[in-house]
Amino acid sequence: MVLTKSYQRYQPAGVFGVIASPNANILSYRDQSNVIVAPALEDVYIWDIRLGRKLAVYHGDQNAEVTALANSSNWVHIAVGYNDGTIKLWNTNDGSSKVTLSGHKSAITVLKYDTTNTRLVSGSKDSNVILWDVVNETGLFRLKGHKDAITQCCFLRNANVLITSSKDSMLKFWDLDTQHCYHTLLGHRSEVWDFVLLRNQTRLISGCSDSQLRVWDLVYNKHDQTKMQHEGNQESKKDEETVNGAVACQYKGSLMRQSKERLITILSDEAVLGCLAADAQLEIFRIRNDQEIKAHVKRRMKRIAKKSKDNAESSEVTLLQPTLEDEYYRIYAIRCDAKIRFVKLIYEAVDNSLKVLLLLNNNSLEIQQINYGVKAIQCKVTNNLHALGHRTVIRSVAFSGDGRYVASGASESVKIWNSSSHQSIRTLPSGYVLSMFFAPGDRQIIVGTRSGEIQIFDIASGLMLETVQAHSKNVWSMCLNPDKRGFVSGGADQNVQFWEFELISDEKFSSSSKRLSITLIRTLQMSEDVLAVKYSPDQRLLGVALLDCTVKIFYSDTLKFFLSLYGHKLPVLSMDISSDSTLIATASSDKNVKLWGLDFGDCHKSIFAHDDRYNIFIPRTHLFFTASKDQTIKYWDGDKFEYITAMKGHHGEIWSIAVSPNGNFLVSSSHDRSLRMWERSDQLVFVEEERELERETMFEESTYNESSDKVIPGETSTEVAMASKTTIETVKSAERIIEAIDIYEEELRERENSPNQNGPFNQILKALGDIKAETYVLNTLKKIKSSELEEALLVLPFGKVLKFVKLTNDWIKNDQELELVCRCLIFLLKVNHPQLVANKALMSTLDHLKDITVKKISSQRDLLGFNLAGLQHIKREMESNDITFFVDSDKKLREIKKRRKVKRYIPQFRS
């Protein structure tokens, strides 16, 4: 009997170093502007930027990154869109997410709630717009008019109309009652990146790739037809057409932005308008109200009259009409050190100031305040959040000797982290870090930089102890001697240098103790650039990876040449030697990992592993990890040359990995500026099971993520379709319904054969408390998510549909889950209408359903109406007796008037 070898699984143990990722928008509660909801890769962080701490964390799926955020007006829910097309609704009170909406095939680009918080609209890169019912947790319908990614969506308050914009240069108006696009604005010459509604949603401003902001007036039509002037070429050509819809548009003019780059977003808050361009310039426009516009026009008329007072004909100045420049005027432009990705504006009417919340693409958040009530407009940074992460890509990571700390190095600094709490302990400003390690004792850290310097930092004081110009070019690699008396460094200047630690007296550092320093003892000249160096654990051999795609092995004591490992087609970027000094693994840019024996230099195995590049052994084993630009870490067995499993989680290229001295932890750094900790668990991994799971996952993705649209009977419109999509979950739900119907049919047969037996025959029904088979099918139906119900019913074979329709007759007759059953019945009748009508055996059942369904629904409606009338009567009785729920309403009202703003619901963010 062959025993299958098992391995211990490394599981995710935390993500740290991320403040905010730049691929989604940010949210902020108006009365708590210091509280920011920010995307953090697959998670959502609620930051108190003033205190610099997290209020809550909403953990998402590791494989999906957050791409869009939206909050309900009462801040009870936060909708989060991901790049796999799913949407999760998070409850801010308890931090739970019980609703997942699946309908899009690609990343979500925009999410918006309506004013009642009962509907949610989502736009995606798949060019579709889906309307969701938040209460029923299901999709209403899909709108398919656009031909490119959706950039913005917005509900109108005074009409049941949805406005959408897309990269296809179109801006569409949808009548949600008829589910039809009744008008398309064609006045844009390039992609419509964003639009905003102003003046109580009577003014629309859209932005494209050019420098113009196009302004439109929205005319709400009380009749069926409205004349609309449409600007076709934005210059002189005007077409008039009749629009059958609730809202019509009239072109007003255009505003010019200062930036020449394309627009990223437009946003507004009461009296201000912000325009963010691709050159990271945020232009702020002031919006004058009607009184201010009249005053400004009068001043302009006075200036014109003063200039023309010598001209007799122009002594009487005609009344000027207000222009867009009179209404909108530019007051300030904000530029930051890093590119601005998203903005949130909060206008403070009390002190006539503006708070600007900025999400920067360097993993930081900022709040700036603009005071424009004074003559000289002032802008200052009031709060920022940048100390808890790196500004640039993390190029190197290292564990301390005892595994308690992790060091990460980027282009601007080195950060020391607690490996258990993931908190930043120290930030050390440095050069561009390429390699580093902890010195013996873990009190200092040695850093190799791109400029060729080796820097020594004292962790306790945060001071740089010494800087040595070790190489003339990049210090690509450093390795601590196994005896911990020194280290070796390799650089792009073709030198391998050997260093020794020493303690020296330094009055600048301390007058009572010595500090650590290094001394160069010897140099090994190579013929090519040195990319990696590594000692064998017994310190007998030294491996040197060169730019000529070879790895040279030297005796470490005499530096005598021993072996040359050649076979890679591209340079080796990383290598590691096993703890018993018998095996060396080399990883190259040619996507291969090669395992070599250190006794004769023979290649044991060449493995096609990744797109690139890094590898490291687990101490005291022949197991090793590889990491690459493909965003995965792979786990390998060096003895059996087997791929064990993949560890996914990063959303960018992986630049460095490190294993703790005891092998229990692995830390990895990525281009997404995150550090991820992986912990060895007691859960066992079997290679055969992992391969089977991977094959199932690939099959599911190829089956359910096809780009071709399915044909649904009864759906004839090319503009509107079902909101849901087929997934593995919907197929599993359909299988559960089919299994339940099979049990019902089996139970019917057993009853016919043994009519005198009491209780169910099936063991499942007995285990559930001797329930009826009809009840079991209904319970199975109730367990299916509301958003997956239609897709699950769509998969049912027609034979099961016939049985299901007969079951609905019994459920409706017994008043069991009337709303759910009617929803299923109507959908099945719509989809299978021709077949059901042609089935003679079902005619009596359908006739009975027609009568009893109307009767039961009317009875239910009457009951709801009666209860509603009773509640309204109780309310009127309480109001007439001066009974209210708010005993301190008078006191609160005085406080509200004193502060001159409305007190709103404050969410209690919880994880």
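For all residues, glycine too, the Cβ spot is worked out from N, Cα and C.
What TrEMBL lists as domain 'Small-subunit processome Utp12' is 774-875. Per TrEMBL, repeat 'WD' is recorded for 59-100, 101-134, 143-184, 185-226, 387-427, 468-502, 565-606, 647-679.
If you look at the repeat 'WD' (468-502), the same-chain residues 6 or more away from its ends with a CB under 8 A from one of its CBs are 434-437, 439-440, 446, 448-450, 452-456, 516-539, 542, 544-545. Across the repeat 'WD' (565-606), DSSP assigns 0 helix, 23 strand, 19 coil.
Long-range contacts of the repeat 'WD' (647-679) within the same chain: residues 10-18, 21, 41-42, 62-63, 65, 363, 389-390, 392-399, 401-403, 406, 408, 417, 419, 422, 614, 616-621, 625, 627-629, 631-635, each at least 6 residues beyond the stretch ends and with a Cβ under 8 Å from a Cβ of the stretch. Looking at the repeat 'WD' (647-679) alone, the prediction's average pLDDT is 94.
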